[in-house]
Amino acid sequence: EARRQRRLLLLVVCVALLLDNMLYMVIVPIIPDYIAAMRGGGHAAGPSAPAGGNESGSGGGNRSLLPARYPAAAGGNEDVQIGVLFASKAMLQLLVNPLSGTLIDRVGYEAPLLAGLAVMFLSTATFAFAQNYATLFAARSLQGLGSAFADTAGIALIADRYAEEPARSRALGTALACISFGSLAAPPFGGVLYEFAGQRVPFLVLACVCLLDGVLLLALAPPWASGARANMPVGTPIHRLMVDPYIAVVAGALATCNIPLAFLEPTIANWMKESMGASEWEVGLTWLPAFFPHVLGVYVTVRLAAAYPHLQWFYGALGMAIIGASSCLVPACRNFGQVIIPLCGICFGIALVDTALLPTLAFLVDVRHVSVYGSVYAIADISYCVAYALGPIVAGQIVHTMGFAQLNLGMGLANVLYAPVLLLLKNVCQMKPSHSERNILLEEGPKGLYDTIKMEERKG
């Protein structure tokens, strides 16, 4: 029964991460046409424009009925506003994460996860009925608030329930695969439903799934029924974890390896159109093939970590080297087929780094601090948010002033130079799991209520 509940909780967390990343990316093909309709200027040129004019409310959904409440953009102002809209989620998430990590350590994992799902549901419903830019911005920022709780609590819950390797790496790898699938499947999902069913349908579908996921969490682990939390130790404060040199090395690697993905997403479409005359469908399918090498990278890393757990640092360093080389190859591509190859390399490398280093964060907490994981995964989330908050705003400016090739060469060089830094984790990764606080308690036998609870969980 304990194993079954653990697997169902993993399913709940994976669905939450899938939804969060789908909502993050589902607006990619929608938002330019969405904002153009709000501005009163009709629809963006392309296949999303309705065939029968914009007076009828039937057929193409409600898009043509959006009122003109958004002022006309002058010059490149619209691009700036779209960039700010995309970055607002990561910015608020970046600000809230230190607080959410501390709160999760104090109250447990289930209640913050449920609160995050509730906020994400509200954000998704707000997207569905937004009729002006301010409402879109509020919905996007609200999603960042929900993600700060749902993502951090979900990953920490997995690390807590899957305490032993290689089960922990497999569970976290499954979560990472769901994140990848959500990010890559969301643009075609949103574009098709927006075109054929209307503006609200993509968001309403995601809102319904979010609601069902919250109900399943309530059925499995009601927050008010979690009495064991009061008997668990107090987690290490987040500011002390931040100054731990090993955790800082991992956090820096997570931020650096995600910069190419975060900076290419808002810039590669225009570069493909200008440099190779790419069509709309080619731009739309740019990232989709990268899902498969990402899943392959997760699978390979999980298998290697099970066989050689002391080499986690090496898998991360290898992934960063692959990311660096792939980033440098992007500007040399001359057609759609060539672009797919380095993008697949980037996603494969990110899978190696994330799958190797996320379990390493939990291991570092086990061997150097207290085995409570909210704050340490809040630090991981901060690392991701640094990349994705800067990407939509900074990347375009770098391309404008220095060029697309220089952007990629800089990102590639940063990853290649950071890879040797992971050598600092070599000695830590060679520590035996029995050195952890959790297993020392279990080896010495239960001395109190908390130890007895942990012993029963271990047996289950």
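Just so it is clear, glycine is given a Cβ too, placed from its N, Cα and C backbone atoms.
Record features, source TrEMBL:
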type: TRANSMEM; residues: 7-31; note: transmembrane segment
type: DOMAIN; residues: 9-460; note: domain 'Major facilitator superfamily (MFS) profile'
type: TRANSMEM; residues: 111-130; note: transmembrane segment
type: TRANSMEM; residues: 171-194; note: transmembrane segment
type: TRANSMEM; residues: 201-225; note: transmembrane segment
type: TRANSMEM; residues: 245-264; note: transmembrane segment
type: TRANSMEM; residues: 285-306; note: transmembrane segment
type: TRANSMEM; residues: 312-332; note: transmembrane segment
type: TRANSMEM; residues: 339-364; note: transmembrane segment
type: TRANSMEM; residues: 376-395; note: transmembrane segment
type: TRANSMEM; residues: 407-425; note: transmembrane segment
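Taking Cβ pairs closer than 8 Å, the transmembrane segment (312-332) reaches residues 253, 256-257, 260, 264, 268, 297, 301, 304-305, 338-339, 341-346, 348-353, 355-357, 359-360, 363, 404-405, 408-409, 411-416, 418-420, 422-426, 429 in its own chain, all 6 or more past its ends.
Sequence-remote contacts of a segment are chain residues at least 6 beyond its ends whose Cβ falls under 8 Å from one of its Cβ atoms, and for the transmembrane segment (245-264) they are 316, 319-320, 323, 326-327, 330, 343, 346-347, 349-350, 353-354, 357, 360-361, 364, 368, 376, 379-380, 382-384, 386-388, 390-392, 394-395, 398, 407-408, 411-412, 414-415, 418, 421-422, 424-425, 428. The transmembrane segment (171-194) makes contact with the transmembrane segment (339-364): 3 or more of their CB pairs lie within 8 A, with pairs spaced 6 or more apart in sequence. Proximity of distant same-chain residues to the transmembrane segment (376-395), defined by a Cβ-Cβ separation under 8 Å and at least 6 residues beyond the stretch ends, is recorded for 82-84, 86-87, 89-91, 93-94, 97-98, 100-102, 104, 147-148, 151-152, 155-156, 159, 238, 241-242, 247, 250-252, 254-255, 258-259, 261-267, 358, 361-362, 364-365, 369, 407.
A contact links the transmembrane segment (201-225) to the transmembrane segment (111-130), because at least 3 Cβ pairs that are 6 or more residues apart lie under 8 A.
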